[in-house]
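Accompanying notes for the structure given below.
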Amino acid sequence: MIKFSNMTTMLYLLRYNKIVIIFVSIVCYLVSLRSEFVFDDTEAILNNKDVMSDTTLSQVFANDFWGTTITHNSSHKSFRPLTVLTFRFIRRLDQLIYSTTDPTIESPINAYLFHLSNVILYALLNCLLFHVLNKLLNIFCAKLQTFDKQNPLEVNERNAFLATIVFTCHPIHSEITFGMNCFAIISLSAMGMLFKEQGITLIGLCLILDIILICDRKYNIETKALIYRIVLLSIGTVLVLLLRGIVMNFSGPQFQRGDNPSSFEESFYIRFINFNYIYAINAWILLYPDWLCFDWSMTCIPLIKTIYDYRIAFIPLLWITLLLVFKSSFSHNSNISRQIQISIAFGCVSFIPSANIFFTVGFVIAERALFLPKKRFPNYCKVRSFHTNHILLVPRNNLYTKLCVFTDYSLNNRFYCDCVFDENHSRELPRNFDWIDEKRLFESGLSLNAKVHYNIAKSAADSGLKEKAIDEYREAIRLNPEYEHAFNNLANILKEFGKLQESKQLLTTAVNIKPTFATAWMNLGIVEAALNEYREAEISYLKAIKHRNRYADCFYNLGNLYVKQNRFEDAFIVWRNATQIKPKLLSAFNNLILMLDNMGSYERALTIGVEALQYHPNESSLHFNFANVLGKMGKFNESEIHFKKAIALSPQNANYFSNFGVLYHRWKQLSSGSSPRHSSKTGSIRDAVIKAFNGIKRWQSGGTAGSAYRLNSSCVSNIMTTNGDPGTCSPDHFTSIRVKQVVLVFNTFWAANSESLDWAWPRGSQRLLRRNYLSLMRHKIWAWILSVKPAQAARSLA
């Protein structure tokens, strides 16, 4: 561990200050390069159409940070188009580097470049912070006499360096993605708002900095210029806020009680007390960042509702401390006082958007919102040595002065930075590992937060740990009995376990808590349909669509319900709605084609299939269903093309081979030995295939089904096995005949005989026994074909 009290080490580090700052920034967050997309990253990047797809630039500026239209009621009103465009650029760069050579395979997005960009930006930002702090110290303290007769410029550089290192290693920065830290005026502040809303505070920060630096009775000309700049910045601020209001349609976001419980309290006293207690918690996190959580919401901080709550004592303690600090900013040399004032400005102005003063925010505490206020604390502490030097040079004639001398001797600047750096660094490394994946992140949260248990349950369910997910969802509901999302997700898991009645009760509770919860209404409809309560299920589906009119998944499930009721035209209408709202909903297209195929509406099925293939050109199931329709319409050439495409995309699907054989049987392309377009090598297996095919033809021309069955069963068994054991068939035997002939002969045999077994064989158990034998033989031959050479089987049909 670096010990800053070692002067030799300090001088060496100062010689390469920016290199050291960059090195510390990278080392502290190097572990983030191994991290996945966690928590909000999923919605902000992976599920954001503005990032993952090529939406137009106008759409990016019309949507919020999460991809929702910003004027919509459900929008979070987070308008950050420049951040979204940055994400899109990194996503395209990721595709360029990590894309596969196969165009049919969509490469998953990699989190590496995103985290690498964050680390680089963070290192550059810390260098900028060092430059700014060094400039400020040179302005204030260049002429200040030091106790140990050191060069003030060297002391300034040292203190700026120490303050930057303390800032760099603070654990709350683990959550930081983008930060704006530049002294820009109106234009750059407006750009800052397009990255994150805190950019607006830069105008206020610059304004206060200007007042502190310039405002002095001796400088009348500069004071007049200051007034001019104040007016200009104020007008610019109003224009920026007006433009932001126009973009948001002058409507704020709609938060739920769990997002910020204090703001929903009707009593002004309770709101005031809890907001001030939250300020105290924020200050404590800055001082001692040991109590951290990825999501401070719901019951994470229990509300103070009585004056007997001991936590109220922290509120006057906070304000007394702040008043003493503020008083100290007017009690010393002008330069030192203004330095402390700027330190206060750094913290307070940048914290205002998160303080629930001018508008309500959607969180209790956001560690990322403390990124700018965090600059205040090291910025304040970096003048401690100058404060000490000043006091040591004045007469110690009162108790206050003696106390200050003792305190500053005990906690000199370098010793303080030793302690803070050690504490921050020891806490930051474990915190960084918490952010590597969602499981670690969720389990690192506070136990009283229902949302933490909810996220742990969600992660466990995704990992297949259903029992653990059930326990965590129940704990989330215990902590927050009105947590409708926990009710909904728990009901979905119980539905998978067949506990339909309990699932129905949970979903009913969820929609009672939040009647506009469209997802819960849809899931309730699914459970009711499974219970054969068709009328109730239809009502639930329609309520879901009422609350979310473009709900493609609900239209799809409603179509499934109508099919169960034989209401095929109604099913056609709602499935068409689903495909028009969400063209990527493959299951709706497939169900439409299958339903129209069964109804004999081949022309309509053909129209749907052509449309579906425009959106899903590489979906094997779609090609398969479309090929079946074409085959029934007698369009054998087109059907063959789509069967081959389906088999090429899914070569291990035995059903595709089976139906392809039926197509050739209908097409009558087989002659008495082989396909007219393919030849094969001679051999015993080839002879067996020919005999099997001849047996089928003999049965078709009037022979007995029994003789055809006995001939073909023995021949197919010979094709399948060597010495009666399917597992001993060698690749040499397999390659001695084209796989296509095995496939065609077997499927033709199956199609020709399976429907005639009922009358061809004796009644009773013998008929059932032989039918089961034929079915078993069918599965065996497919297992044999696919296990020996699945790729060759696909190529032989291409």
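Glycine residues also receive a Cβ, built from the backbone N, Cα and C atoms like all the rest.
Small disclaimer: the values here were computed from a predicted structure and weren't measured.
Features reported for this protein in TrEMBL:
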type	residues	note
TRANSMEM	12-32	transmembrane segment
TRANSMEM	119-140	transmembrane segment
TRANSMEM	198-215	transmembrane segment
TRANSMEM	227-248	transmembrane segment
DOMAIN	250-322	domain 'DUF1736'
TRANSMEM	268-287	transmembrane segment
TRANSMEM	308-330	transmembrane segment
TRANSMEM	342-366	transmembrane segment
REPEAT	450-483	repeat 'TPR'
REPEAT	552-585	repeat 'TPR'
REPEAT	620-653	repeat 'TPR'
Maximum Cβ pairs under 8 Å to the transmembrane segment (268-287) - stretch from the list 12-32, 227-248, 308-330, 342-366: 308-330
When counting Cβ pairs under 8 Å to the transmembrane segment (12-32), the leader among 119-140, 227-248, 308-330, 342-366: 119-140
Reported mean pLDDT - the repeat 'TPR' (620-653): 87
For the transmembrane segment (308-330), sequence-distant contacts whose Cβ falls under 8 Å of one of its Cβ atoms, 6 or more beyond its ends: 273, 276-277, 279-280, 283, 337-338, 340-341, 344, 380
